[in-house]
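Database features (TrEMBL):
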- 24-41: transmembrane segment (TRANSMEM)
- 28-492: domain 'Major facilitator superfamily (MFS) profile' (DOMAIN)
- 77-100: transmembrane segment (TRANSMEM)
- 167-185: transmembrane segment (TRANSMEM)
- 205-222: transmembrane segment (TRANSMEM)
- 299-323: transmembrane segment (TRANSMEM)
- 335-355: transmembrane segment (TRANSMEM)
- 362-381: transmembrane segment (TRANSMEM)
- 401-422: transmembrane segment (TRANSMEM)
- 442-464: transmembrane segment (TRANSMEM)
- 470-488: transmembrane segment (TRANSMEM)
Amino acid sequence: MTSATQLHRLPGFNVANHLEKRKLLIAINSIAGLSIFFFGYDQGMMGGVNNAKHYIDLMGFGYVNPETQEPVITDSLLQGGIVSVYYLGTLFGCLLGGWVGDKVGRIKTIAFGSLWAIVGASLQLSAQNANWMICSRAVNGIGTGILNAIVPVWATETAEHTSRGQFIAIEFTLNIFGVVVAYWLEFGLSFIDGGSSAFRWRFPIAFQIIPLLMLLAAVWFFPESPRWLAKVDRDDEALFVLQRLRGTDATGLARAQAEYHDIRNVVALEREEANMNSYWRMFTGVGSGDLHVGRRVQLVIWLQIVQEWVGIAGVTVYAPTIFRIAGFSTEKSQWISGLNNVFYMFATLVCVFTLDRIGRRWTLYWGAVGQGVAMFLAGAFSRLGQDARNAGDMSKASSYGAAAASFVFIFTSVFGATWLTVPWLYPAEIFPLQIRARGNALGVFGWSIGNGWLTLLCPVMFNAIGEKTLYIFGACNILAIPVVWALYPETNQRTLEEIDLLFSAPTPWTWDAEATFARMKQERSDLIDAARHAQGVDIVKDEAGLNNENVEGAKSSSDV
C-alpha cells in the first residue's frame, strides 16, 4: 500500500479539486440526480404514450373511440408487453452494469449506461411498428439498468453514514420530478392537432435524450468513488477524494484518515473472497461463510419486488386507467394523473427529513399501513362510483369518483415519503465493498422482475377484474409489514464498514442480527477489529501511528 499522502489534486479538471465537504456532496448528488430524473421520466412517459391515438393505431393494440375519445384496447397483452419488455432490458442491463461497475469503476460505467440509453431512446422515437418498438424498449431498458445499478452505489459510497438516506431521498425527489415532467409534457401535447399527431408521442420520447447527454458530458469531471479507488489500490486518489468529501480542516482530515483506514481494512478482509464474486455464487451464497451474501441478495431482490406489488407500478403507468374506472373522462383522467404526480413529488421531501431519523424499517412500516388503507378505499369507492353511474345517479358517481381519486393521491404521497426510497437505498448499503455494485445490480434485478411482471399483468388485471386489482395491491401492503419486521435489519446510522457484522448472525431473523451485532460491538470496542477477528486480519500500529495490514489467510468456512 502506498503512503497515500503525496496527491494534492486530481489530474485535469475535476470538481473535487475545487469543492469540498457538503458542496462536493451536493455536486455529486446533482449529477447523479440527472440519471435518476431520466429514470423517473422514462417510467412516467409511457402513461401518456399509451393514450396517444397515432401510437395506438401504429402499434395495433386498439383504437380511440371517435365519440368519447377514450382508448379502446383490443390487445391488452401487446400493450402491456411493449411496456414490460423495457424491464426485461433493465434486468440484463443491471447485471451488466454491476459487473462493469466493479471492474472499471463507477464513473466510466455511468458514461457507458448514458450512451446505451441514448441509443435506445433514439430507436424508440423512430419506431414504425410494434416489433420495432419492442426491440427499442428492450435496448433502452438495458441502458437504464446499467445506470440504476451504479448511480445509487456511487452516491452511497461518497456520502457520510449519518446522511446517506437524506441524499438518496433528495435524488428520488428528482426521480418523481421526472415523472411529473413526463405527464405534464404529454398532457400539453395532447391538445396539438387534437392529440392525433405522431408528435404527441415521439417528442416526449426524444426529450429524455437531453438529460442523458448532459450526464454523459458532465460525469467525466466528477471524482470516482473513494471506496472503489481503494479496492483497486489507487490509494493516493482514494485518500484525496475522502479528504475533499470530509473537509481539509484538521477535523475533516482526521475523519478522512480514519475512514480511509477502515476502508483499507475491509478491502483486506474481503479480498480473500475475490474468487467467489460471480453472480451465481452471490445468488446462492456458496462459499460466503459468515458474510451470508446469498441472504443479502434474497433480501434486496424481494424488497424491490414487493415495492412494485404494493401498487406503485400500476399507479405510475396506468393511473389514467384507474381514474377512468373511477368515472372520469379521458382528458380529465390525464389531468388528474399529472396533478397526482405533483403531490407525489412533494411527498418525497418528507423522506429527506425522516429517513435518517426514524430509520429504514419504521419508514417501511408506516408506509405500508398508509398505502394499504388507501388502496382498499380507492378500490371500494371506484366500485361504488361505477354502480352509481350504472344506476344513472351521476351526482353520487361523481362524488365516489372524487373519493377514489383522493385515495390514489394519498397512496402515491405516502409511497413517495416511504417505499420509494428505501428499496433503492438498502441494496446500496448492505453489500461488501468487493461486490457492492453487483449486489446493488441484483436489487435492480428484483425491481426489473417486479416491474416487468406487474406492467405485463396490469392491463390484463384491470380488464378482467377492474377495481379489484387495487385490493390485491392493498393486501400486498399488509403482508409486507411482518416480512420487513422479521427479515430486514436496520442499517440506519451504521457505516458501510459495519454492515458485515449486522449480517454475520447464523439465522435470517432481525432479532438475531441485532443481538449478534450488539455482542460483537461490546466484545470489541473497535468495530473493524471485530470484523477482522473473524477473518483473521490483524491490524497493528506502527511508529508513525498508521495502520498496517497483515492478512493471516482467512478460512472460507469462517468469512465475516
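From the backbone N, Cα and C atoms, a Cβ is placed for every residue, glycine too.
With a cut-off of 8 Å on Cβ pairs spaced 6 or more residues apart, the transmembrane segment (470-488) and the transmembrane segment (77-100) reach fewer than 3 such pairs and are scored as not touching.
Same-chain neighbours of the transmembrane segment (77-100): 42, 46, 50, 59-62, 108-109, 112-113, 116, 120, 130, 133-134, 137-150, 279, 317, 437-442, 444-445, 447-449, 451-453, 455-460, counting only residues six or more beyond its ends whose CB sits under 8 Å from a CB of the stretch. Highest Cβ contact count with the transmembrane segment (205-222) among the listed stretches 24-41, 335-355, 442-464 falls to 24-41 (criterion: pairs under 8 Å).
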